């Protein structure tokens, strides 16, 4: 297999450990871009400009009455969508189709992953009214499939697991037929209590992204652990064998195709049912640089290999994100699991 990829930037990571200044950050203050990544242990040298995207990765500007309507509804209920916070390239398509991925527990993350466009800082206390507000918004939108994700909340005793459970419970009160997928954080140091809470109010699909290959964790996911994330997914599957588990990777951070295949094998060893693979897009000059744009043919090859390994569904393409067409993927996988 010859990888057909467009190589773009020379790596600009300085992996030398360096002391980072630690000015006190006030609660509720969101750090983004250079301010955010200045606090990680690996120095990132800003690129002079963002790389030019190939033709296959360009998307239309998300402008339509439906996009405006959903944004207005989110503001009305003081909710956040990861579609906006993470600058998702599929925002226009998903919003225009009347769907959205909701981000709970605020819009300030306690982690500072330099690939991500969500702000970092000291979060405010949880909004106790958010589960009810989210349930009302979903009922107003008449959604049939909802993805709930969150910022990392390392400040919470359970990592936010109870808040996820509260949201699921309130949503099902008002929309009993809705299908719910949760895209959860890694619950670092809190796995036991988080899984106990999750099992009491489980979603219809349990998703947690590995994001990248283990060699790049120090640069891309400071504060996270590759094996911990795999174990989280496997332990949930052992507790709830009929609920699909799902994970995903971004490509273009400097990984090799062989490394991607190895991670896919490890996912299957940990009983992960569904896989998403998409192209990493650099949110700003201060974020991790794009090392390559992976050709659609290579994404198609990864999908073929994934099905050979036993994944029940593989979504692999330049614009694929973890919640992209999640309803269609989950329907097929759940039917197979329930029939097995």
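Just so you know, glycine gets a Cβ as well, placed from its N, Cα and C.
Pulled from Swiss-Prot:
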- 83, 88, 94, 323: [4Fe-4S] cluster 1 binding site (BINDING)
- 109, 113, 116: [4Fe-4S] cluster 2 binding site (BINDING)
- 95-312: domain 'Radical SAM core' (DOMAIN)
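Within 10 Å of the C-beta of residue 109 ([4Fe-4S] cluster 2 binding site) we count 25 further C-beta atoms, all protein chains included. Summarising model confidence by region, the domain 'Radical SAM core' (95-312) averages a pLDDT of 93. Remark: of the binding-site residues 113, 116, the most isolated position is 113 (fewest other Cβ atoms within 10 Å of its Cβ). In this structure, the CA atom of residue 116 ([4Fe-4S] cluster 2 binding site) is 16 Å away from the CA atom of residue 323 ([4Fe-4S] cluster 1 binding site). According to DSSP, residue 109 ([4Fe-4S] cluster 2 binding site) sits within a strand segment. Spacing of residue 109 ([4Fe-4S] cluster 2 binding site) relative to residue 323 ([4Fe-4S] cluster 1 binding site) is 19 Å (Cα to Cα, whole number).
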